[in-house]
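Worksheet for the structure shown next.
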Amino acid sequence: MNENIYLALDFPTWQETKAFIDRNDFHGVPVKVGMELFYREGPHLIDALKQRGHDVLLDLKLHDIPTTVMKAMRNIATLGADMVTVHALGGSDMIQRAKEGLTAGTPAGCETKLIAVTILTSMDEMIVNRELKMNGDLQQNALHFADMAHQNGADGVVCSVYEAGKIKHLCSPSCLTVTPGIRLHHAAAADQKRIATPALARNNGADILVVGRTVTHAGNPITAFENVRKEWAHGIKS
Ligand SMILES: O=c1ccn([C@@H]2O[C@H](COP(=O)(O)O)[C@@H](O)[C@H]2O)c(=O)[nH]1
């Protein structure tokens, strides 16, 4: 069952990942694979997860010169992930070439969607304006990156819950909004800055939730995941 809730498999090894999935009966749940696990286990991991019935968001956040990204994407396309990420900060040419590589490498009958990261949810105005010296409002910058990525071939964007509805309004209802930084009430933000509950994500019109530590570090991951599902499906009953 795909409810568009992707569980972030931020574990060091496949052995630990598999043990977590099996222990909590998260079989067939859509998953996000990031750098930590992918750099340890390599490309065969994607096939292993697909064989076990998981939809896979491969979150490698490519950001390099356009030719390098195009060639990397041509290889990534053969892995069979459902979505793959690049940084929008790479610019319009990089995004176009990423799409070109993805299209060229994708086997017939398969599809891997290209998703562009706008502004990381671990960043706030302090970082964006004062450290990175980006001008203007964080949200306006995120919307601009989303629009640029969409116009250059991205199928969707990674953004915080706070930008999701606005991005869909600006770009297109078909532009997928993938939202990390999800926390259940009272869960620690840790290194995230723009966090939100599943209920707010629902209210703000996000398409896809990425849930990591609010489930994986919970005392009871099954209950935590169930609570995410309930809020995402029904909001919070007052
Ligand atoms: O802007 C972004 C882009 C990607 N991520 C990734 O999502 C998960 C979130 O993990 P939590 O434990 O729920 O904080 C993680 O894998 C990040 O690499 C993001 O958080 N923000």
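The backbone N, Cα and C atoms fix where each Cβ goes, glycine too.
All TrEMBL annotations are machine predictions without curation.
Given the structure is predicted, the values throughout are model-derived calculations rather than measurements.
Annotation comment: TrEMBL describes K61 as active site, proton donor. Under the three-state DSSP scheme, K61 (active site, proton donor) falls in the strand class. Long-range Cβ contacts of K61 (active site, proton donor) within its own chain (separation 6+, distance under 8 Å): M35, T85, V86, H87, V117.
The substrate binding site feature in TrEMBL is assigned to D10, K32, 59-68, T121, R183, Q192, 212-213.
Under the heading domain 'Orotidine 5'-phosphate decarboxylase', TrEMBL lists 4-228.
Here the binding-site residues are L60, P66, T121, G212, and the one with the most other Cβ atoms within 10 Å of its Cβ is T121. Applying an 8 A CB threshold to same-chain residues 6+ apart, the list for H63 (substrate binding site) reads V69, V86, H87, L89, G90, M94. In the three-state DSSP reading, P66 (substrate binding site) counts as helix. Among the binding-site residues listed (D10, L60, H63, P66, T121, G212), D10, T121, G212 have a CB atom closer than 6 Å to some atom of ligand 1, in sequence order. Of all Cβ atoms in the protein chains displayed, 17 besides its own lie within 10 Å of the Cβ of D10 (substrate binding site).
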